[in-house]
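Peer 1: TrEMBL feature annotations, pasted as is:
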BINDING   B:63, B:65, B:212, B:300  Zn(2+) binding site
BINDING   B:92, B:185, B:215, B:300  substrate binding site
DOMAIN    B:54-401  domain 'Amidohydrolase-related'
């Protein structure tokens, strides 16, 4: 273990989106950035070469179901409801802890390769997720997804209780890189009485909430019919919204709902690719931002994306954001990149997403030595519109190098891929029996 | 020079979208596929290893302005009209033949790297484009873009005449890999009298047309006001539409226009990223297909994309195609991949875009040994939704290897990048003077 690491001889993207020639000195034990300045190599125990490269904050994938990598390409080109009911839920019903272990490791490799250093994970078998995060060296906010529809009261209560127990058990795991949340799947998939029973207990325990909100119009109607209010008001009435809460999607969110989200400080995690692929719609991202709602970026699961490369998401967010706003100046490159870094870190409650002294030492080093990143008129534009995950050379999280020169250090990558392939095949075979 | 080349030990995507274990034997001199069958290595003078890889048809970028790579990231997040008038046209007014030579070579490297083997190019200094295509080993249909607005009659005539002269001069260049078209920029940027004068001459010469059609609603209105008809009818009345004509964009195309395009056999080149980034809109791709209009895929120039990676475009086409149709089953993976291969080849008039005996030996070999392409439930899904240009290992065009194990053979890549950077800097300096 080295005490200090310096990322040297490259350029650095500052929180103000300036590009400066500087080294980044990191306290590897504390996982913190110490200094951003020229010529820091001599002060470090270990260096990471960033020649011809741009050092950027590690990207934050603020909504994911990591182990769904096992279902990548399993069912495409279907509307969300049919896709869930006919393909995804039957497969997930067969999911074992070992499947989650295999799928989350595959996700971790993919995220490290594409410069993602932190993610939110809503899934099952959270102990396995935590172990994969620990082994990978990533940072994550994890939780057990609660669904009560179709369950009797006891099973429903057990499910919500498990989400809280898991959140309390694993918070602070992996040297503090793992934080937790209680994750009710969505307002319409968890019964009101269970929210009423558990929300006060979760609040008392000081645990954040993460759930799906306003993903499709179909779901909107269900809530509106039952409760007579929009889902955001319904969630607010239940006490679900606060500045530690982050919600996924927000595709169909009206102006009053935006005002509520902004007042509560609740972040919306925009998942443009998943929303497009499942035809959920185009989230009004620029409107959300203009209304003061914090916005982060997420890939969602690999079954509806179909990759975990946030560089794809950056491009999608900027492009689809323009179409949604009917304005080509909307969701500009800096805005998009901010959503994937500082915006994501804030949503997940991590002191990261920016390169300056005191922030978490979570970094991605992007190789600029590439035809598609030539010429260099504007590097932020390149990050959003032209770069792809494979341009990332090195990934650093919590002061530790997770990938060096495109070599993922924590895992035997081919073993991870082989294991995932085996588990994926067995999983769908069981589901289709 | 070898006479035969075999791509061996991989899997091959058939025209019916089956994946079979087979080698591909190619007549390198004729540039033609000879046979697709197991165990062909012994019959070839040279082999290309496709272990753990999928051999697919080389992708076809059916609408591009290649040298606009020099303006990649120069002006983003602006509406098309402002972007053209304030940024792009002033820069293009300063464009020299040497700039086009530098920019087109950069584009060629980028396309070869991402598995594109054929493209359409509408730009200026076509002689330089042809020379770059020859050197790169790519296949292209090229032409000089005609704009008459703002020109006096003589200059306007000269411009149209040059487009025809250039098309006649270069057709069949580079051992037949270069074909040509006359390329009036768009119905609203070329005066009616010049169309009336030149269309019969172009038809007599047997040269195809390529132009922009229905890219934005603003342009639609201009035509509608002047001619009192929709742009497609206007173009048809001028004799511009036939089965050798291919048009770019078609974003704002109504049902009657679709019928006309289908009747004439005129292909629409869908450019989803450019249309999103400039907020031109979402082309009704599924509707076009359902109406019987041939559809191809293009990146447009790198200033509005901002890369020339058709794998991005595949994903965009499928995802935005679903949003445009309000149907997640629209523009499925096979449909999207077909647009980028057989669809593009048909639009450009090349006997390519499919792997079978007799077709042009234009191939891309996609490396499947990657976490984001694991597990293997559906390889066509992976090509469209998860793969990226950097997954391409080898690129073959006209039977010749243009890239082997990610090493581009025709060019000194760093020299190409350096030259492009110099020309880009000088170009924008002149434009901003």
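For all residues, glycine too, the Cβ spot is worked out from N, Cα and C.
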Peer 1: When you put residue B:185 (substrate binding site) at the centre and draw a 10 Å sphere around its Cα, which of the binding-site residues B:63, B:65, B:212, B:300 have their Cα inside it?
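Peer 2: Of everything listed, what lies within 10 Å of residue B:185 (substrate binding site) (Cα to Cα) is B:212.
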Peer 1: Taking the Cα atoms as reference points, how far is residue B:215 (substrate binding site) from residue B:300 (Zn(2+) binding site) in Å?
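Peer 2: Here the two Cα atoms are 12 Å apart.
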Peer 1: Under a three-state reading of DSSP, tell me whether residue B:92 (substrate binding site) is helix, strand or coil.
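Peer 2: Once the DSSP labels are grouped into three classes, residue B:92 (substrate binding site) ends up as helix.
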Peer 1: I want the residues beyond B:63, B:65, B:212, B:300 whose C-beta is within 8 angstroms of the mean position of the Zn(2+) site's C-beta atoms, in chain order.
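Peer 2: Along the chain, the qualifying residues are B:64, B:122, B:248, B:249, B:269, B:271, B:274, B:298, B:301.
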Peer 1: Compile a sequence-ordered list of residues in the same chain as residue B:92 (substrate binding site), six or more apart from it, whose Cβ lies below 8 A from its Cβ; state 'none' when nothing qualifies.
Peer 2: B:124
Peer 1: So how many other Cβ atoms are close to residue B:300 (Zn(2+) binding site), meaning within 10 Å of its Cβ?
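Peer 2: The Cβ of residue B:300 (Zn(2+) binding site) has 29 Cβ neighbours within 10 Å.
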Peer 1: Return the single residue from the binding-site residues list (B:63, B:65, B:185, B:212) that has the minimum number of other CB atoms within 10 Å.
Peer 2: B:185
Peer 1: Counting every protein chain present, what is the number of Cβ atoms, excluding its own, within 10 Å of the Cβ of residue B:215 (substrate binding site)?
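Peer 2: So the number of other Cβ atoms within 10 Å of residue B:215 (substrate binding site) is 26.
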